[in-house]
Structure formats: C-alpha cells, structure tokens
C-alpha cells in the first residue's frame, strides 16, 4: 500500500511533458514579435475598430491584398482596372504605411483608417509601388498577415528606367525647376552609372529575393505590365483567378483610345481614362546608350526568370 501511495505522489509531482517547438531564428523572431506587439499596443490605445463601422453594414478593415509595385510598372492602371470588379474595394491614395517610418509608428489602427469602407464579401486592396524595393517592408507585411496575397506588376526594366526619369522630369517642370538630361544620370565617367536609383529599382531579382524570404511564390502574382498596356483583359482575368474572384470583368470593359494611345475603361456606360500624366512620351535616348542599358539588364533578368519560373518579353 505504501509503495502504491509513493508512486501516486511521484506521478502527481512529475512535470508535464510539453511538445517542443520547431527551431526558429531567435533574433529575427524576437524583433518581429516586438514590432508586432508595439503595433498592436498602439492599435488598442487608439479608437476601437468597432468605431469604424458604418450604419449600412460596411467597415474599414485591413487589406487582404496589396499591390506592392513596381514603381512606373502600371500600378495605377492595375488598380483602376481591378476596381471594375464589384467585390473589390480599393484605397484611392498610396498609403506608404510599411515604408515610411512616420506612418508605421502610427500603428495598425491608423492604417485601417486609411482604407475604404467595404462589405464583408469584398476584398480591400491597397497599392504603394515603393513597397517592392524597400528592404524592410516584406517582414512588416508578414508580421501583419502571413496569408496576404500580393500583386506585383513589372515592365521591361529598361523601359521602366525611362518612365522613372520621365515622371521626375515632369514633376520638376511643373514646379518650374530645371532638371538634368537623362544622359547625365545614365552616364558616369564614360560608363553606365549603375548607382542611378532608377536602375537599381529595375533589378527585380534582388528585391524579389527579399519578398520570397517571407512569402511563398504562390502568394505573389506577377502581372505583365507590358501586356497589360497592349491587351489588358487577359491579364486582369489572371488577377481575378489569383484573388479567387468570380469572373465579372469583361473585354467590353476596355476600349482603345486612339487619341491617348492606350486603353481606357468602360463601366456601366461610363467611360474614363487614366490621368493625363500616364502614358507620357519618354525622352529620346541615344541608341547605343539604350543598348548598353538593355545589355546591363540581361543577366539580372535571367536571374529573375529563374527565380520566378517564368519568362517575360523584355530586351
């Protein structure tokens, strides 16, 4: 009897076996958890999420999809086209939550307040093309939502460089400020200036590697920006399938505007085109310089194709 009682006591005081956790990178995990806790802490200190409810049953919510880039790749066109779908609620402006420290410090509740009111059946979409090339953004998005579905629209890297320059050039012209020629940016000491920011933004494989550290490839849909310009409907069909939306957008929603030289949108009889700032003519570049730029991107493009398992019709 004594032996029985002793065994029972030992059974009671014996520590319980806890299943072991998978090994993790402790430094990265601690940093991620710390950032997330801080965000959630700030969220709870601000207005409660319930106050963002509308009387009609809609509410502001965190996006389930983000258009992460790329700059001058056609992100505005993609967002406008996707907005034709009744199950999409899109944020109008670029929020820059994950890449601007002043915004990120405001916390998730502030981010929610930047979103449109949407119904439960709708997908909220935000676009900020600077996200793709910002090293800190992938982890921050992952900390918020590991299941996030991401849209990335890309163009021929050389063409994207020219578009990048064109945008900044016109911004200076509107402010009556002088701006150097594109050759002054592309050439340094007689060679291609590979430190030019616009060139770095077109090294897609470098930035893509950073995103694939946190999100599997099947969570990132790459839209062919060059094809979207030439024939938008097939590209939008692919986006609908990726987001698991019912096929609501039709070829009749697009019509070619000969005056502007690109496709415009038709929705319920209402026609609209992108802002006049879109589709601006690129500067004339010396053919040899353009060939040098295209040659520079040859190997990076090849690495990108291998990384994502598909090719694009780029120079």
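Yeah, the Cβs are placed from backbone N, Cα and C, and that goes for glycine too.
The signal peptide feature in TrEMBL is assigned to 1-20. Annotation comment: TrEMBL describes 63-302 as domain 'Sulfotransferase'. Residues or ranges marked as 3'-phosphoadenylyl sulfate binding site in TrEMBL: 72, 73, 74, 75, 76, 155, 163, 263, 278, 279, 280, 281, 282. Annotated active site, for sulfotransferase activity per TrEMBL: 72, in sequence order. According to TrEMBL, the feature disulfide bond maps to 264-273.
The separation of residue 273 (disulfide bond) from residue 282 (3'-phosphoadenylyl sulfate binding site), Cα to Cα, is 20 Å. It is 72 that, of the binding-site residues 72, 76, 282, has its Cβ surrounded by the most other Cβ atoms within 10 Å. Note on proximity: among 72, 74, 76, 163, the binding-site residues of the record, the Cα nearest residue 273 (disulfide bond) is that of 76. Listed in sequence order, 254, 255, 256, 257, 271, 272, 273, 274 are the same-chain residues at least 6 apart in sequence whose CB falls under 8 Å from the CB of residue 264 (disulfide bond). Within the set of recorded positions (74, 163, 273), the lowest number of other Cβ atoms found within 10 Å of a Cβ is recorded at 273.
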